Each structure stands twice: as C-alpha cells, then as structure tokens.
Amino acid sequence: MSKPDVAQVKAFLLQLQDEICRGLELADGAGHFVEDAWRREGGGGGRTRVLRHGAVIEQGGVNFSHVHGDAMPASATAHRPELAGRRFEAMGVSLVIHPHNPYVPTSHANVRFFIAEKEGEEPIWWFGGGFDLTPFYPFEEDVRHWHQLSRDLCQPFGTDIYPEFKSWCDRYFFLKHRDETRGVGGLFFDDLNRWPFADCFAFMQAVGKGYLDAYLPIVERRKALAYGEREREFQLYRRGRYVEFNLVYDRGTLFGLQTGGRTESILMSMPPLARWEYDWQPSAGSPEALLYSDYLKPREWL
C-alpha cells in the first residue's frame, strides 16, 4: 500500500470547502457564508461556515474539521480493538443545506479521512463519505440526475462500486423506527482502504467534487417554483425526520460528541425549523402520498 499523505488530504479538504461555499453562494445569489474558526482543546480545530436567510438557502453549513489525539474514543475502538492505544487524526468536510422552497431538496455531503498510528507499526487508515438527497416533493428527473451523476463518478473505479455504495447509502440513511429511508440516497462508503492510498484518495476527491455537479442543477430547476402554506408545513414535518435520524442514528454525530468535538459544529446539520404532528397521514393520491409510497424506500433509479 502506498504511504498516506496526510498533508495532501488536508490541503484538498480546505480547497473543497472553499469551492463548495463559492458554488452555493452563486446558486443562492444573495446569501454569504460566515466563517467561525475554532480550536479544539484536545488537539486540532476547524472552520465552520454557515449561511442563513439567503434567497434560496434558509440555513446551510459547510464544516471543515481536523482533530487529533493520543487515544481513540470508545465509539471508534468498540468495533476496532486494534485502534486502542494509537494516536489518531480525523479530518473531513461535511455539509447540510436546508433550502426555503419545499420543492428544492435538502442535501448532505461528507468526505473524511482517518489515520491511527503507533510507533514501529504500520498506520491504520481509511476514507469515508458520500452524499445523499432528501426531497420533500417527488420529481423523478431530479432523483435520476442525482443517481446518474453518482454512477458516473464511480465508473472509473469499477462497475461494481456504484451498486455497492448506493445500497450502503440506502441501508445507512434508514429510520428503523419509522420504517422509511431519510430520502432517496446516493452514495455512502466507509473504511475505504481496499486500493492503494492514491486510488482511495482519488475516489474521495471524485465524491467531494461531484456534490455540486449533482445538486446545483436540481436547485436551479426548482428554486423559483411557487409554493404555499401546505407545502411549507409538509417540508417542516419531514424535516423532523432529519432531526430524528441525526440524533438517534448518525455515527458522525456520535463520534463528534464522544471525542469532545465542537457541539455547535456537530449540530450544524440541524434544520432551523422543524415540526412534529401526532399520527399525520398524507391524503390519498396527493404528491405527499407519492413521496411515501415511491420515494421513501430503497429502489433502483437507473
């Protein structure tokens, strides 16, 4: 295996954060990201950037973090006892965009790198990440575009990669207590070290760079569509599922809180507004009902 180049990964992630913020600001047309640079007492720090009350984006955050320490947290060593007693570095870019317009889907992306080292032993490293889409209203062409781009960026790495990571995404972003997916999926991968370092890094870069190509055309298509109170209420209700997933299931949230990560940055993914309603059911034949019947379960889109 080729030797991991931590500095190269960090440089890419910082540049990626800049590029994504620039692209989202252009798509929004009015809002700007405000940066909050922070340091972690145990080692490391990051740049949290938040855009609020934009023309398109109600609230969005793009976070870069790089944390390191002398010992792994319990959440990481529970499944990987070989990591115990190793110093570690974890770095990544994660983002969530919550648009105003209910016809524009919420999107999430994350790319990350992890390495654990011990004197006299080979380092243990891997990449993880992916992106996923959470529409509130069903537009099949948007979902097909999202998945087509996902498949295209996986293609150079093998024809089996898209089906594998697409399926992983469907399984990961699943709310067991609701028996529904969080959205329509995309790609999800973790523990990626099956190829030499350079190839694994290239795949992570392709996913990171692919996010804007996947999301911005959908934003452009939907951001000017007229909507009313009914659509807004449904959007806020569905955002409740986003909150449920992030607080109950998301491994990144758990890891961040257990490593003494920065709470404001970890919970940046939360929507600014959400609502719950007891035993709400969609009307038969409505677009909302179609979302439930055809979109909130794993399916082949291509």
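The backbone N, Cα and C atoms fix where each Cβ goes, and this holds for glycine too.
The active site, proton donor annotation in Swiss-Prot covers His108, and the record cites sequence analysis as its basis. DSSP assigns His108 (active site, proton donor) to a strand.
For Gly260 (substrate binding site), applying a Cβ distance below 8 Å and a minimum sequence separation of six or more within one chain yields Arg40, Glu41, Gly42. Taken from Swiss-Prot, the feature substrate binding site applies to Ser94, Asn110, Val111, Arg112, Gly260, Gly261, Arg262.
Positions annotated as divalent metal cation binding site by Swiss-Prot, on the basis of sequence analysis: His98, His108, His147, His177. For His108 (active site, proton donor), applying a Cβ distance below 8 Å and a minimum sequence separation of six or more within one chain yields Ser94, Leu95, Val96, Ile97, Phe131, Asp132, Thr134, Ser269.
Summarising model confidence by region, the region 'Important for dimerization' (242-277) averages a pLDDT of 88. Swiss-Prot lists 242-277 with the feature region 'Important for dimerization', giving sequence analysis as the kind of evidence.
In this structure, His177 (divalent metal cation binding site) belongs to neither helix nor strand by DSSP; it is coil. Per Swiss-Prot, the feature site 'Important for dimerization' maps to His177; the stated evidence is sequence analysis.
His98 (divalent metal cation binding site) is 15 Å away from Asn110 (substrate binding site) when you measure Cα to Cα.
Cβ neighbours of His98 (divalent metal cation binding site) (same chain, under 8 Å, six or more residues apart in sequence): Ile57, Glu58, Gln59, Gly60, Thr106, Arg239, Pro271, Pro272.
The distance from the Cα of His147 (divalent metal cation binding site) to the Cα of Val111 (substrate binding site) comes to 18 Å. Within 10 Å of the Cβ of His177 (divalent metal cation binding site) there are 9 other Cβ atoms, across all protein chains. His177 (divalent metal cation binding site) and Val111 (substrate binding site) have their C-alpha atoms 27 Å apart, to the nearest angstrom.
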